[in-house]
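Report on the following structure.
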Amino acid sequence: MAKDIKFSEEARRSMLRGVDALADAVKVTLGPKGRNVVLEKKFGSPLITNDGVTIAKEIELEDAFENMGAKLVAEVASKTNDVAGDGTTTATVLAQAMIREGLKNVTAGANPVGVRKGIEQAVAVAVESLKEISKPIEGKESIAQVASISAADEEVGSLIAEAMERVGNDGVITIEESKGFTTELEVVEGMQFDRGYASPYMVTDSDKMEAVLENPYILVTDKKITNIQEILPVLEQVVQQGKPLLLIAEDVEGEALATLVVNKLRGTFNAVAVKAPGFGDRRKAMLEDISILTGAEVITEDLGLDLKSTQINQLGRASKVVVTKENTTIVEGAGDTEQIAARVNQIRAQVEETTSEFDKEKLQERLAKLAGGVAVIKVGAATETELKERKLRIEDALNSTRAAVEEGIVSGGGTALVNVYNKVAALEAEGDELTGINIVLRALEEPIRQIAHNAGLEGSVIVERLKNEEIGVGYNAATGEWVNMIDKGIVDPTKVTRSALQNAASVAAMFLTTEAVVADKPEENKGGAGMPDMGGMGGMGGMM
């Protein structure tokens, strides 16, 4: 396919038009008085959102060169979202400001490489200054404040704070759509995995169709059990103790399953058989997790262990097990706390090392199951459109809160970026490097300018006053007051602000050093591919 090539000034100008198109659509959503953007969906109702990355991903421009500019800025939003989970609109605003200012200077004759060096120096100092003014997040109230600001909803803030308190900072918090109108929190204590009983005859509560085992023994094996003789010796030992048994195996079928069911129905012995969770290597890892949590040994030929010679001291214990048709929940496993802690640290290390998003998600699920439990926020709304928008906001708020727990918080509302202004301005440089530093200085003001603009105010007045205020004091655009931002709970996670600045600078530096842009030439539609003209089928009149 033929290519279209543009060079230097012409190339950068074309891309800038794309940058502006995307950034102008995204930045109207910034701040407490930000507006919404409506996105057309080919199927179903349109999506109304104020989430920067969602808007950025939807934008596709007709002109190939403009589209490349738009995609560069969309990458800033996407990368910030991946790293910090929020701050995508701020990142987009920063990137647009740096690219615009940079392009003015490069057009006027500045050397892009020198400008890039200045930008990198300024951002490094700004990031260090952000870390210095960052405060650690402590207590449920602080967590609720961060979540409330991100979701623009105090109810959501308190729900997320409660969820994190219940399952711990590493716990899995999932967000699901609810059938009702209200948004609720449901917490599953202990370890839950998605495998239910092997036979419905094993239930102890026929109304709820669930089997509840109090203080059971737990047998964990990776074998398929078909013959009752294999597990008879250990069954007899458990019967003597008068306790129920949870049997986790690759599968339990045939005579073995029938015998367990018959004994349950006769009231002789209560046992519930469950298939092992996961597949392949993940199954092996999850069985080990269960064994460590309950204090069991995994009966596997890999370790030279045989079911027939299994003793009762090789089984695990738990205070309670609840098995439904689809899930098994083990509450208060009797495993050694030191071994559980070591396993948690091992999984944490694997999370840090893995590059696969899927593997990371699965490892974090395992981590949560060992470390505390799973919380589910069930999102409710009156209409499907409102439900989608609300779910997106809650996801952002959750990511934002996790980022705050990780690296602390700074003053929100664009205040923190202006707070580091003086440190960056104190940098000594000359020539094009100084130009690069000045570009970053101008960009640091842009988020607060945009927040003020969205609230119907003059940004320059707010920025100039903010530079003279003490660190932490800022403008609350929601109420129109000057307040101590952290005291009032108007905060941003340091990680979000840092990531937005670093990613914006990275793309701006690449943009300014671009000297040629190559795109596919649009194909001309010659109209020759269709059916030949048949003259309105008039020539076929003789066939009547």
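The backbone N, Cα and C atoms fix where each Cβ goes, and this holds for glycine too.
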To which of D432, D487, D492 does Swiss-Prot also attribute binding of ATP at the site defined by T29, L30, G31, P32, D86, G87, T88, T89, T90, G413, N476, A477, A478? D492
Counting other Cβ atoms within 10 Å of each Cβ, which of the binding-site residues T29, T88, T90, N476 scores lowest? N476
If you count the other Cβ atoms within 10 Å of each Cβ, which of the binding-site residues D86, A478 comes out on top? D86
If one looks at the chain holding G31 (ATP binding site), which residues at least 6 apart in sequence have a CB under 8 angstroms from its CB? G413, G414, Q450, I451, A452, N454, A455, A477
